[in-house]
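Let me begin by presenting the structure, written as structure tokens, before commenting on it.
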Amino acid sequence: MAAKDVQFGNEVRQKMVNGVNILANAVRVTLGPKGRNVVVDRAFGGPHITKDGVTVAKEIELKDKFENMGAQMVKEVASKTNDVAGDGTTTATVLAQSIVAEGMKYVTAGMNPTDLKRGIDKAVAALVDELKNIAKPCDTSKEIAQVGSISANSDEQVGAIIAEAMEKVGKEGVITVEDGKSLENELDVVEGMQFDRGYLSPYFINDAEKQIAALDNPFVLLFDKKISNIRDLLPVLEQVAKASRPLLIIAEDVEGEALATLVVNNIRGILKTVAVKAPGFGDRRKAMLQDIAILTGGVVISEEVGLSLEKATLDDLGQAKRIEIGKENTTIIDGFGDAAQIEARVAEIRQQIETATSDYDKEKLQERVAKLAGGVAVIKVGAATEVEMKEKKDRVEDALHATRAAVEEGVVAGGGVALLRARAALENLHTGNADQDAGVQIVLRAVESPLRQIVANAGGEPSVVVNKVLEGKGNYGYNAGSGEYGDMIEMGVLDPAKVTRSALQHAASIAGLMLTTDCMIAEIPEDKPAVPDMGGMGGMGGMM
């Protein structure tokens with residue numbers, strides 16, 4: 001086992017604070033409407049330009065082990081805030097740096113770190129309650145657009161496109177962000193349920209212009225195994241032909257004789273059918289087939305529940321107003337499913353989202369909810385170069401998370417004003433313990449730091465602006481984008497309450513742990529001896 005370097009007291013705490021400052025100083029320059037860019041070198045490809053706090057934080061590793069521990073703890077503040085609220089990572093980092101800096105003064109002066117931490121925790125709890133009281137609901141498209149714009153570094157186009165997407169697919173709908181093909185941002189909305197499987201044969205195409213197979217008022221057959229024998233399908237095909245309606249077959253696969261017969265029937269105009277593979281794999285495939293069954297009012301024909309393909313009737317088939325099948329996607333529009341059953345299914349999936357542990361599972365379950373509830377919106381981010389597109393995409397994703405958070409817990413005045421106003425809750429907070437009261441004072445001063453940093457990044461004088469904002473009341477604050485004072489909410493400078501709350505809670509949590517640290521242990525790097533040169537190789541005998 002390698003030897004360890006064990007250090008104690010103020011000296012090692014100072015090293016930890018140095019690490020905090022290096023990381024926080026790199027992140028804080030991105031805060032506010034006039035935040036600067038950070039350029040990150042990449043091992044492959046061009047450099048990455050970003051204004052996203054958590055992206056900057058994740059890139060930082062320091063050479064000194066003790067400084068690096070401090071930096072990694074603040075990195076945790078940024079990534080935790082990002083996980084919970086999706087935005088506010090820079091604010092959280094600035095708050096953590098400020099609480100640590102203020103707190104260290106008191107620890108060095110001989111106050112009890114544990115009591116300081118208790119005071120900080122009590123102050124944060126009071127601030128969180130006050131933030132809940134001053135938050136107002138975020139319902140209108142205009143407010144959603146404003147939140148999106150602020151989060152995307154005052155890019156109004158981004159706010160507008162997110163508000164439009166939310167209007168079209170609902171606040172619960174899935175909105176994804178992709179690379180665009182043009183210079184402008186574009187919004188694509190897929191109505192109905194879409195899954196990523198297309199036709200199994202191009203001979204099913206009946207709309208040559210769009211290169212899709214379009215079925216009006218079709219039946220939908222759902223089967224969880226492969227279909228290769230046409231005899232299994234004949235009874236149900238005959239019933240569909242008598243009804244004179246088209247048929248979509250969704251199965252694990254349709255191959256061989258069965259696929260050939262369907263294609264021939266289609267070409268001759270005997271029966272309009274299209275076959276596609278079922279989406280997903282394994283258990284997810286079964287779940288998605290069940291979703292489609294509920295959406296279309298049919299059942300999944302599965303031997304597991306005692307149903308067989310030969311005995312299927314029209315009652316087992318789902319129905320829809322229209323289905324469009326392309327090369328890679330199938331879209332079911334207006335399924336004939338029962339609304340109450342669809343709602344029950346959505347509620348069941350939401351329950352699964354709450355218990356899911358992995359982000360991937362949550363994302364897939366969220367997509368299923370959106371598909372059942374009515375649509376998916378895709379924001380295609382346009383830019384002139386790949387480097388610009390990456391930077392823009394980061395901002396759009398941040399803005400999307402911020403708007404979701406705003407819809408969830410409401411909005412407060414932006415620009416660091418909400419935290420200043422919430423300080424009113426601390427003025428009469430007395431703990432009965434001098435050291436804990438000092439902890440409250442630490443938070444009282446730290447909540448000024450986001451506004452100070454926003455003003456500094458905009459080239460203003462932080463102390464002058466903070467004093468002027470404190471003289472005002474309510475939502476009165478400083479709009480760093482335009483350089484004006486006034487009602488922040490009326491000026492459209494809004495922050496989601498959830499983002500402000502999580503930034504404060506996570507910053508205080510890690511800062512409190514740092515203040516109560518008295519010993520740090522790191523591995524001593526071993527000097528590995530250089531590999532000796534290989535000895536000369538013996539001469540080779542003459543070759544014939």
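Heads up, the Cβ atoms here are built off N, Cα and C, so glycines get one too.
Of the residues Lys15, Lys51, Lys473, Swiss-Prot puts just one in the ATP site with Thr30, Leu31, Gly32, Pro33, Asp87, Gly88, Thr89, Thr90, Thr91, Gly415, Asp495: Lys51. By a simple count of nearby Cβ atoms, those within 10 Å, the most crowded of the binding-site residues Gly32, Gly88, Gly415 is Gly88. Counting only residues at least six positions away in the same chain, the Cβ atoms of Arg36, Asn37, Val38, Thr50, Lys51, Asp52, Gly53, Val56, Thr90 sit under 8 Å from the Cβ of Thr30 (ATP binding site). Within the set of binding-site residues (Lys51, Thr90), the lowest number of other Cβ atoms found within 10 Å of a Cβ is recorded at Lys51.
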